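These notes are about the structure you will find just below.
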């Protein structure tokens with residue numbers, strides 16, 4: 001029988017392809033077209049319960065419910081919209097956890113920033129998510145649901161997906177890749193419009209390349225490595241987990257990934273005022289990028305509670321960028337969005353959890 005993604009003791013249909021759902025219907029003693037109907041209602045009509053799929057025989061719907069099979073949609077807990085129309089959603093899982101996702105609109109695109117885990121074990125000093133540690137990894141349906149929920153809430157088709165929300169995607173690599181397959185095949189978001197971010201996990205980049213090729217064929221999504229420092233000492237200060245992954249080893253693995261996939265790597269660099277944004281740091285970063293098929297994305301820090309890091313001035317950001325450009329580094333500056341509504345990753349979720357504890 002078709003293996004279904006598991007939610008505790010329940011099975012979720014969200015995340016299955018049309019072919020999988022056709023096979024599922026046949027195994028249930030139904031015609032294969034019933035599987036195609038389920039697929040349409042889940043991915044195009046946004047069905048949230050089996051009972052809402054009125055084209056299915058009621059007897060079969062009731063039977064599926066008795067078996068514990070469900071669509072696997074999340075429940076909205078809270079939504080916040082910033083002045084620039086950036087949307088932040090908090091959604092509840094079957095086991096009472098909270099997932100955070102963000103919709104970032106511009107005139108021509110809608111980017112969904114999805115979470116891959118509930119919490120995060122990496123402990124990056126600038127990140128609100130890591131303050132609470134890791135609870136668990138997300139299932140495929142819980143990842144895909146984030147994109148569908150943003151689409152429904154904003155009444156607009158997402159064009160891009162970035163795995164830059166809560167969690168370390170490479171610690172949930174199989175579900176992330178299955179989610180990418182679903183996003184491309186079932187929701188219609190091209191692989192080139194998807195970015196997977198990682199802080200760097202030893203001995204995983206080659207595995208990612210090989211697994212992605214096995215699951216997706218040719219790798220077309222973008223790998224974004226969260227570098228955030230141009231030397232090992234400073235990187236360990238900002239990212240404690242970097243102590244087990246020397247920066248030279250990380251860059252060596254990135255070059256191997258490029259060889260295996262033919263895709264350039266994007267390096268994320270969060271600018272922390274007075275800490276890693278000086279001219280010498282730009283020079284060191286340019287030296288690291290020499291000979292790399294890569295791109296550097298600069299991000300001005302969004303302050304969070306409990307940390308004393310500062311957001312650099314716009315003039316400092318511009319000077320850092322210009323130094324890199326003058327050294328021949330391909331560089332861009334990410335526009336800050338939703339700063340008036342707890343935009344830093346994990347902030348709204350942490351505040352909500354704190355309120356629940358207080359009450």
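Each position is counted from 1, following the chain as shown.
A Cβ is built for glycine as well, from the same backbone N, Cα and C atoms used for every other residue.
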Exercise for the section: Going by Swiss-Prot, 167, 168, 226, 227, 228, 302 bind S-adenosyl-L-methionine; tell me which of 197, 206, 249 is listed for that site too. Expected result: 197
Practice task
Take the C-alpha atoms of residue 167 (S-adenosyl-L-methionine binding site) and residue 120 ([4Fe-4S] cluster binding site) and report the distance between them in angstrom, rounded.
Solution key: 4
Exercise for the section: Provide the three-state secondary structure of residue 228 (S-adenosyl-L-methionine binding site) computed with DSSP. Expected result: coil
Exercise for the section: Between residue 120 ([4Fe-4S] cluster binding site) and residue 100 (active site, proton acceptor), find the distance joining the two CA atoms and give it rounded to the nearest Å. Expected result: 12
Exercise for the section: Have a look at the recorded positions 100, 124, 127 and say which one has the shortest Cα distance to residue 227 (S-adenosyl-L-methionine binding site). Expected result: 124
